[in-house]
């Protein structure tokens, strides 16, 4: 377990904060955190669009030089201090605003991520029928443009179907698309009419799930089915975190492993279908000319960065519950490679089914390939209707999406709760951590209610595109620079050696100091250059909505300079330079949380301020307090008294 020789008698557990029950719980939780919806609905499409197999080369280059080093840095950072994303910044108090920025980002993501999970819950529940509701065009919400591939009059619709698919001016609308999407057009959803054979003169019926309005500012009514599913989603998350990592560590045995069972079932079913090989060929065929395209490298770097969950604060939080001598170096490699392998594996699952669907329709696979919500709630569900016993495959698919989402949501909520509890830090709030978790869950549910309105998908995509985009890159870059150049790379390397028993390998030292910050800066420049105003299908977001998006992005980054100015003003010193030095210098209570691990330059030299942050725990509590009282005090190097009792 990475324990340093000669320290066999030390207790490596934190009674005050708690620890993972065993190391498998931490690894599974981190895998569940890193492996999310993006691995299924974003990576396969990126790979297909950016040169197929050729995209794998820049993808794995970015994994080695940026993904794994950053992952290892955040795990070691949180594990060494045994603190959440706020407490770790005792390493350089001036930059505690980075921790607040992580909290803001996790808040935004936690709000809209659970809405995506609630939509998956909705599809999961409605799949429990003999026939999936988006199979045919005979439903009340369908329009004359609907062309289902399994309708009874398919033979008469075949020509129309292909025409709609291939004609840019008259695009086919599938029943799954009408089930999911909205009314378009200048007239809006409440002012357009059509006459169906059985509904002459009736108002146009709205689409079923979203019932989308015509503008982001037109919230309309709350979609009660989605609101109910959102409540279910938050209740599930709260119950799984009711005892913190003690309860979530048990839940992940199922939530982190069962998605792989479902992926394997869907993969085996997919590759047995006609046309599956064509889809997989589209997915993997290398287009080596694209490897020289800067956009391909930018997409690879961005996907690695966002997929691993760097700079969200979750990795620091999860690692803070590790035992001090846990080998987080090994864990970071295992988790990072597992995350990327899952993305590649999911591509086979997705494109085998899409290849079957394209073959069934007689069109090119580019006509059915999609990403994001369009893949999860339109293209893939429609493909599932072509399979025998389609409700079973639909239930499995959406159950997998739910579990993938919950694994990430657990860590997002725990990040916020841990940061609050660690920041307050007294016994009262530690004993009432469950109520803090409940409070955060209730606030998250209330803030998610607007996303269940008729304009909810607009706001969800706005938050997804702006709240957690370039701000994450800025936060991660500042974290690297602070640890390596302000705290000092030599100090940090010594900390890791004290924790693991060996210094970080030379490769990681070089990546942390030079290569990873350069790649992060490249991602930032690429994000700025490739920026395009957000749109959803044919809807163009108004300027005021995009301005709100930028404000959300800035709200996390602005925490860094605001707190830095505050800390400099509060620091001691007669000149600005002295104040800066004192504000960036590591706090006296920076270091291992348990006193028994504070050796070398962290050797006990207690003051009243330090004692409040260190957890002193006896190796032999059964001896009672009498021996503690009899222990003789000894003067520390700074003149303060501390106990020489062998129990420390």
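Cβ coordinates are placed from backbone N, Cα and C, and glycine is handled just like the others.
Note: TrEMBL annotation is automatic and uncurated.
When TrEMBL is compared with the stretches 506-529, 578-601, 602-625, the one noted as transmembrane segment is 506-529. Contact between the transmembrane segment (304-321) and the transmembrane segment (392-413) is present: at least three CB pairs lie under 8 Å, with pairs separated by 6 or more positions in sequence. Residue 307 (Na(+) binding site) has a Cβ environment of 23 other Cβ atoms inside 10 Å. A gap of 31 Å separates the Cα atoms of residue 404 (Na(+) binding site) and residue 137 (disulfide bond).
In this chain, the transmembrane segment (506-529) does not touch the transmembrane segment (98-125); fewer than three CB pairs sit within less than 8 A of each other, excluding pairs fewer than 6 residues apart.
Contacts between the transmembrane segment (392-413) and the transmembrane segment (224-245): present, as 3 or more C-beta pairs lie under 8 angstroms, all at sequence separation of six or more.
Within the same chain, the transmembrane segment (257-284) stays apart from the transmembrane segment (224-245): fewer than three Cβ pairs sit under 8 Å, each pair at least 6 residues apart. Recorded stretches compared: 26-44, 224-245, 333-358, 466-486, 506-529; the one with the most Cβ pairs under 8 Å to the transmembrane segment (56-77) is 506-529. Two recorded stretches are said to be in contact when at least 3 C-beta pairs lie under 8 angstroms, sequence spacing 6 or more; the transmembrane segment (466-486) and the transmembrane segment (333-358) fall short of this definition. Sequence-distant contacts of the transmembrane segment (26-44) (same chain, six or more residues past either end, CB-CB distance under 8 Å): 20, 75, 116, 245, 248-249, 252-253, 255-257, 259, 283, 303, 306-309, 314-315, 318-319, 321-322, 326, 331, 334-336, 338-339, 342-344, 346-347, 349-351, 371-373, 375-376, 400-401, 404-408, 410-411.
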